[in-house]
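Chemist: What TrEMBL lists as repeat 'TPR' is 66-99, 246-279. Sequence annotations record features per position, and here TrEMBL assigns region 'Disordered' to 580-601, 614-643.
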Amino acid sequence: MPSFHGQVVLTSSMFPLVHFVNRMEASCLELALEGERLCKVGDFKGGAAFFEAAVELGTEDLKTLSAIYSQLGNAYFYLKEYAKALEYHRHDLTLARTIGDRIGEGKASGNLGNTLKVLGRYDEAVMFCQRHLDISREQGDKVGEARALYNIGNVLHAKGKQQVWGCTQDPGDLSPDVRDTLQRATQFYEMNLSLVKELGDKAAQGRAFGNLGNTHYLLGNFVEAIKFHRERLSIAKEFGDKAAERRAYSNLGNALIFLGQFHTATEYYRKTLQLSHQLKDQVMEAQACYSLGNTYTLLQEYDRAIDYHLKHLLIAQELSDRVGEGRACWSLGNAYVSLGNHRQALHYSRKHLEISREIGDRNGELTARMNVEQLMAALGMTEGDLSSCGSEFEAQGARPKFNKRSSTGNVDLWKYTSEKVTQPCLCPACLICLQQAGSPLPIMSVTEILGNNISSMHSRRDPSDEDCFFDLLSKFQSSRMDDQRCNLNEQQKWEKRQAATAPLSQGDPCSLISSPQTEEFFDLIASSQSRRLDDQRASVGNLPGLRITQNNLGHLRGEADPQEPSDDFFNMLIKCQSSRIDDQRCSPPDPGPRAPTVPDEDFFSLIQRVQAKRMDEQRVFLPSDEQDETNSDPATPPSGDSS
């Protein structure tokens with residue numbers, strides 16, 4: 001990060017911003033130094049205010065202004081005001097290129113890449129980070145090269161993780177393009193690791209080990225992931241970095257789950273919980289409780305699973321995480337079904353249904369409704385009985401009492417999959433209305449919905465209703481097309497006036513092209529297009545805070561020198577344009593709201609498979625006509641510590 005130290009030394013007694021502004025002798029550099037000091041102590045909002053004041057005051061020192069742009073962009077990045085961060089990092093890039101500062105250009109490109117990554121514009125982010133890498137190698141800047149390699153790995157890892165998030169498959173079950181993205185991320189992390197080892201940067205080695213572990217986890221290489229996370233844990237302990245140590249414990253637990261080592265995973269999750277409590281990080285504490293609850297469910301220790309799910313529920317309520325509350329209630333309902341306590345399971349299933357309706361979780365609502373109906377049938381209850389049974393449950397969040405374990409044969413353990421959830425029947429008109437309103441569609445392809453509904457539409461709808469629908473659709477589409485047409489009335493009036501004043505020769509069709517009016521028209525188009533292009537060009541004169549004087553004019557004139565663009569420029573332009581086209585494509589459906597108290601590396605699908613397998617093992621095989629009941633194969637007993 002650019003620094004101002006070494007240029008001016010300020011006293012330790014700093015004044016508020018208003019005092020700086022009111023002092024006539026306050027310079028742009030002094031304001032920037034105070035902004036830097038505030039950012040270093042974590043006051044990014046105050047620091048940004050001082051930097052903005054420095055820009056408002058202005059300076060003729062191009063190096064100072066470039067550093068202000070960079071620090072202001074970083075301050076807005078930490079404040080999560082990414083549009084402003086992009087704006088100032090672009091100013092920094094423009095100024096660095098103008099004054100020929102190659103190192104500054106590389107750093108500005110890296111900052112732009114990091115900001116674009118957070119915005120999900122991964123292809124553009126890779127382009128700018130690659131530019132940072134190329135410049136660092138050109139200048140022999142090993143530290144910058146290592147940082148650029150790390151940043152490219154981060155962008156590719158984030159892109160791959162975003163593509164697999166919300167999918168039901170386990171880590172490693174990836175499409176070829178996602179697998180390729182994540183494998184490229186490991187290559188850049190390995191190059192970064194090799195370079196930081198050469199530089200002797202142990203802290204950077206720890207970060208590389210951690211990210212290599214995370215990427216191999218997504219690729220399904222759990223043994224490799226554990227190896228890297230153990231290296232990360234060792235370095236975190238060496239530096240006393242408790243937050244990194246907590247992350248390493250949690251990541252080790254996640255990988256061990258998929259190797260079937262549930263008991264060892266619980267040890268790491270308990271250490272995660274302990275460190276989260278020490279760090280006073282409630283979000284991570286809730287995630288550790290959630291992971292412990294799920295792990296004890298896999299171990300069939302349902303009493304302990306309920307304890308941790310209740311702790312997760314309490315923290316989710318404190319943090320107003322309704323999505324997390326719904327997941328906790330759903331997990332509690334599953335655990336109580338496993339214990340045979342259907343009344344408590346019904347209580348939490350109803351809470352799950354209520355929360356799913358509130359947050360608009362369509363799949364969660366359908367699943368919860370199905371669970372409630374199954375439990376009511378098992379208990380022999382009706383809708384009228386629900387209001388009277390509410391007082392029997394203890395206060396929400398308290399440790400509920402449960403009955404002696406009984407058979408789970410009456411109620412199936414529930415699966416949160418589309419196979420078990422009845423899909424609503426939607427006609428094409430309903431689909432169009434949902435899309436226009438921005439509502440989420442059911443997890444069912446349009447082809448399936450149309451195929452399932454066309455026959456039923458013909459059977460139950462009058463043909464005239466269908467004609468009305470298509471008439472309405474045609475009118476709606478035609479009105480949208482009309483909105484895009486230009487009005488010809490003014491053009492016709494102009495042509496009549498021109499015909500009256502300067503009639504064209506009837507025998508020479510080429511006169512349409514060579515007429516003065518036509519040439520004026522083309523000149524008008526050319527001038528308009530050129531103005532549009534000029535508007536898109538970066539102009540140093542438009543940079544905020546820049547005072548152009550005789551001292552810096554010589555540096556700024558260099559931007560007007562004609563220079564033939566290189567092949568790298570055109571390749572970069574093509575990549576940028578392709579990413580813009582991708583931005584205009586329809587995005588995939590939203591996988592649903594995220595819950596801060598539920599970890600991203602959720603292994604709930606593993607629980608579903610294990611529970612489904614155990615339910616199958618408890619079912620009775622009915623004798624066939626040719627085979628006696630005594631010849632049926634005995635059920636295989638459930639395993640204890642494996643999936």
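Quick reminder: no glycine exception, Cβ is built from N, Cα and C everywhere.
From a predicted model like this one, the values you see are computed outputs, not experimental measurements.
Explain the structural surroundings of these features, please.
Modeler: Per-residue pLDDT, averaged across the repeat 'TPR' (66-99), gives 93.
Helix first, then strand, then coil: DSSP counts for the repeat 'TPR' (246-279) stand at 29 helix, 0 strand, 5 coil.
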Chemist: Could you count the residues of the repeat 'TPR' (66-99) that DSSP puts in helix, in strand and in coil?
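Modeler: Taking each residue of the repeat 'TPR' (66-99) in turn, the totals are 30 helix, 0 strand, 4 coil.
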